[in-house]
Amino acid sequence: MKMKAKWLPIAAAVTAALASQAAFAVDFHGYFRSGVGVSSDGDMQTLSKQKVGRLGNEDDTYGEVQLGQEVFNKDGKTFYVDSMFAMIPNGSNDWEGTGSVCNFDEKQCSGDSEFALRQFNVQAKGLLGFAPEATLWAGKRYYQRHDIHISDFYYWNISGAGAGIEGVQAGPGKISFAWVRNDRGWDGKDGWTKFEGMDVNTLDLRYAGIPLWQDASLEVGVDYAIANPTDAQKDSSNVQYKNAKDGVMLTAELTQGIFGGFNKTVLQYGTEGYSKTMAFYGDGSWYGAEAKDGADGFRIINHGVIPMGNSWEMGHQLVYGVGNDMWDGNDKWETMSVVARPMYKWDDFNKTIFEGGYFKDKNKSTNGSSLEDSGYKLTLSQTWSAGSSFWARPEIRVFTSYAALDDNDMAGTPYNSKTSKDTWNFGVQAEAWW
């Protein structure tokens, strides 16, 4: 009886918590893609999806789980706590964790899976007297990301740990300001010493929702990357730290509604480390602080999803980017890519999708010589989805793909155990978001 009496208060507290409406108010969101596939030489072999499209060109399992809850709401003031973690297993086995797998050779030890903390932040509204509609936030966050879905290409995305004020009404549009940390980490290249990442802070200012003509709006923004090496890094023999310069990235995005779909045209210009963002399909969250003093670049992007009658929809991407004088000996790096994904709807749940993509990269040196890579990917997929829309998910796809390089001065022969310029893939993939 004493034991029973001891547990009664605890049981009552648990019951009260479960009965509370707030206990069930957790927002649950997420994303995943996963599947299985083979190629002409073992498991799937891919070609840069940002350049030629992602359909039938992804060999990973990737998942995000997001949990959030409004923890306070009183007198027009709210506080919301948001969180997200992500996992990337390689998909080769049942049990895939972060522990080491050595394959009988200590020099080949690696984990089956990577775990990442993507978001943990607080978002508050109603606290700013001059802008009660605005959101005051701090923590690690996905911040106003701009991307092209068919290629998984994020072209404006400074997400990370930071703070800011978002959505201040100013005339016809809204202003947002953020301070986010985007360190330049070591990748074994460009003269950086191992484990010596450099502190980089990004200041981001945006004005969004500017109305133009019918169904058209404009968003403009500026990002300023502040290179912040330590005194020890400045005094080191590594000239990359001494030469690191602050950089500016300017972005303008025009959105036009078309037949229930949309088309976006994006113009971007970057100086110093942002020159590499323009040339190498960067998003602004990675700053190439080691770029040569005076480097710059620009990028033009057009993308969208447009309905074509009752049975057809098409997604598309056009990208042209240039980086100038990014390192000693570099004159100009040019990149171009085009992707199209037409889709035919047989009924509300059954689709046939084709995706074709082509890219070309050219690296011109100051001595007049140049190196070129170019290639393409073709995919045909039979798809079943929860609805007929281009964006309907979950979706299950059976696909076959062919990928090939035309020019391969820099890429070499990446397929079939480094002996071939082309490959084919066959597989099944699921994708969902909620």
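Yeah, the Cβs are placed from backbone N, Cα and C, and that goes for glycine too.
Record features, source Swiss-Prot:
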- 1-25: signal peptide (SIGNAL)
- TYR31: site 'Greasy slide, important in sugar transport' (SITE)
- TYR62: site 'Greasy slide, important in sugar transport' (SITE)
- TRP95: site 'Greasy slide, important in sugar transport' (SITE)
- TYR154: site 'Important in sugar transport' (SITE)
- PHE262: site 'Greasy slide, important in sugar transport' (SITE)
- TRP391: site 'Greasy slide, important in sugar transport' (SITE)
- TRP433: site 'Greasy slide, important in sugar transport' (SITE)
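Feature map: Swiss-Prot annotations on the structure.
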residue: TYR31; record: site 'Greasy slide, important in sugar transport'; DSSP class: strand
residue: TYR62; record: site 'Greasy slide, important in sugar transport'; DSSP class: strand
residue: TRP95; record: site 'Greasy slide, important in sugar transport'; DSSP class: coil
residue: TYR154; record: site 'Important in sugar transport'; DSSP class: strand
residue: PHE262; record: site 'Greasy slide, important in sugar transport'; DSSP class: strand
residue: TRP391; record: site 'Greasy slide, important in sugar transport'; DSSP class: coil
residue: TRP433; record: site 'Greasy slide, important in sugar transport'; DSSP class: strand
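For PHE262 (site 'Greasy slide, important in sugar transport'), other Cβ atoms within 10 Å of its Cβ number 14.
Using CA atoms as reference points, the recorded sites TYR31, TYR154, PHE262, TRP391, TRP433 were checked against TRP95 (site 'Greasy slide, important in sugar transport'), and the closest is TYR31.
Checking the recorded sites (TYR62, TYR154, PHE262) against TRP433 (site 'Greasy slide, important in sugar transport') with a 10 Å Cα-Cα cut-off leaves nothing. TYR154 (site 'Important in sugar transport') sits 16 Å from TYR62 (site 'Greasy slide, important in sugar transport'), counting Cα to Cα. Look at the recorded sites TYR62, TRP95, TRP433 and count other Cβ atoms within 10 Å of each Cβ; TRP95 has the fewest.
Of all Cβ atoms in the shown protein chains, 16 besides its own fall within 10 Å of the Cβ of TYR31 (site 'Greasy slide, important in sugar transport'). Taking the recorded sites TYR154, TRP391 in turn and counting surrounding C-beta atoms within 10 angstroms, the largest count is reached at TYR154.
Across the structure, TRP391 (site 'Greasy slide, important in sugar transport') and PHE262 (site 'Greasy slide, important in sugar transport') are spaced 13 Å apart at their Cα atoms. PHE262 (site 'Greasy slide, important in sugar transport') sits 27 Å from TYR62 (site 'Greasy slide, important in sugar transport'), counting Cα to Cα.
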